[in-house]
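Colleague: Below: one structure in structure tokens.
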Amino acid sequence: MVGLVAAAGVALGDPPADYASIAAVGLFVALMCVCIIVGHLLEENRWVNESITALFIGLGTGAVILFASSGKHSRVLVFSEDLFFIYLLPPIIFNAGFQVKKKQFFRNFITITLFGAVGTLISFTVISLGALGLISRLDIGALELGDYLALGAIFSATDSVCTLQVLSQDETPFLYSLVFGEGVVNDATSVVLFNAIQNFDLGDISTAKLLQFIGNFLYLFSTSTILGVAAGLLSAYIIKKLYFGRHSTDREVSIMMLMAYLSYMLAELLDLSGILTVFFCGIVMSHYTWHNVTESSRVTTKHAFATLSFIAETFLFLYVGMDALDIEKWKIVGQTYSPVKSVALSSTILALVLVARAAFVFPLSLLSNLTKKTQEGKISFKQQVIVWWAGLMRGAVSIALAYNKFTRSGHTQQPSNAIMITSTITVVLFSTIVFGLLTKPLIRLLIPPRHLSREPSALSEPSSPKSFLEHLAANSPGHPDLENGISLRRPTSLRLLLASPSRSVHHYWRKFDDGFMRPVFGGRGFVPFVPGSPTESSVPLLAGNEN
């Protein structure tokens, strides 16, 4: 945030640095308030979502600033990849892991990994080869092989943030878990792939080098995941043993937030994928750590993580919208290239994105369906179309990687680099606005509302402390089916599954989880019990489950 406000002088003169910082912070706070209000008014709109609203408001604000300053103060619109990767992305990805419906996610984990990892590699190959064959003919300047490969990684990164707002986890849990889960793995794969290309010697390519590249790729994936799981388990163990809540719930909330952020920063310091690390840290914390804290801390963490994520998302789309009108790079492109060439480049990239996503969604869906013995869990053709369409949006990850590759210090004077940046921004804006606007209507067209799932509780862990307590109470001996007038709906199939689970991976995981993991790290049914604590009065039945 400091880097942003330092560069954000919005007054028309040359004000003191403190004044410029205050003005920049005030501007963004006011704009976020406007986004929240407008987003609330448009909540029931079937076309517009809050990310698109924030983009439009950012574009409008950027236009006003440029007009008021006569086009001289465009530095306020600079996109900072450090701000994005260090401050904005971690709370968004962590909250996604913390709130994700774990049963649905891990039930489709193989398909998600197939789409997110293998699919991204296929998309990378198609876009890189297409760029090498088509963009090289546009004669936009001296681009090397590494630049075309970088383009493949940049435009293989989907916008998982926008996916959160165009798909409903409650109405379409299966599609949400597929598209969003793939988006998280996809972002991590794209970033790891991009960094690997940057460090790879393209002048010395051999079979041994390629095998080493694949080995490093798999190593980064596995170690990033393990680090996230370890950080989540460590936080669960510390809170379970020390039980901060007996004195202060603030300490519980603070240690969860800080350890989650620490896992992300540690992954970045070790050159791992911070996205994968913080995502799996969020999943583990929601499974173990969240159940170890007091009831008030559970309510606080649920809302605090969601609020931080919401603010970061709104800020991010505002930021991208304003940066799109940074006048300097557009002037360089306008002076060097014709409008036809700029449009041709953006159109070529967009076409490659469409083809590349289709190249893996439909074949891998077919492959995934072949592994399913029953119709349940198979991806229908209509669902495949939605998965293909919803993953076409490109966002801040693509912009951040493009700036990393084609600029220095937030801007560039080289025409070929400038046109790559402007084309990236054009593709991001077009895909987010156009594809984002049409996603909800497309879902309603292909899957009418009467076919949408309305039983989210059957596929997830309890989403709040209240539902958590209700779940425990409803399953306790002799407890009535209704508590405080609230009925806990559980499908018959799920009751049977919980009563006598099949001999599946999930069954053996539950046995291991209940027999070893939860007694050591806590979790539902193994909440610390301290006399006089909030737990004693709110969950009396937990005393029988104490370790």
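Positions of Cβ are set from backbone N, Cα and C atoms, glycine also.
According to TrEMBL, the protein has these features:
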{"type": "DOMAIN", "residues": "33-443", "note": "domain 'Cation/H+ exchanger transmembrane'"}
{"type": "TRANSMEM", "residues": "23-42", "note": "transmembrane segment"}
{"type": "TRANSMEM", "residues": "54-71", "note": "transmembrane segment"}
{"type": "TRANSMEM", "residues": "83-100", "note": "transmembrane segment"}
{"type": "TRANSMEM", "residues": "112-136", "note": "transmembrane segment"}
{"type": "TRANSMEM", "residues": "217-239", "note": "transmembrane segment"}
{"type": "TRANSMEM", "residues": "260-285", "note": "transmembrane segment"}
{"type": "TRANSMEM", "residues": "305-322", "note": "transmembrane segment"}
{"type": "TRANSMEM", "residues": "343-366", "note": "transmembrane segment"}
{"type": "TRANSMEM", "residues": "386-406", "note": "transmembrane segment"}
{"type": "TRANSMEM", "residues": "418-438", "note": "transmembrane segment"}
Colleague: With a Cβ cut-off under 8 Å, give me the same-chain residues at least six positions beyond the ends of the transmembrane segment (260-285) that come close to it.
Modeller: 85-86, 89-90, 93-100, 102, 105, 184-185, 187-188, 191-192, 195, 220-221, 223-225, 227-229, 231-233, 235-236
Colleague: Taking the transmembrane segment (83-100) as the first stretch and the transmembrane segment (54-71) as the second, find out whether 3 or more Cβ pairs fall under 8 Å, excluding pairs closer than 6 in sequence.
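Modeller: When sequence-distant Cβ pairs are counted, the transmembrane segment (54-71) does not touch the transmembrane segment (83-100), since fewer than 3 lie under 8 Å.
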Colleague: Should anything in the same chain at least six residues away from the transmembrane segment (54-71) have a Cβ under 8 Å from its Cβ atoms, list it; otherwise answer none.
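Modeller: For the transmembrane segment (54-71), the nonlocal Cβ contacts are 10, 12, 27, 31, 34-35, 38-39, 77, 313-314, 316-325, 327, 429, 432-433.
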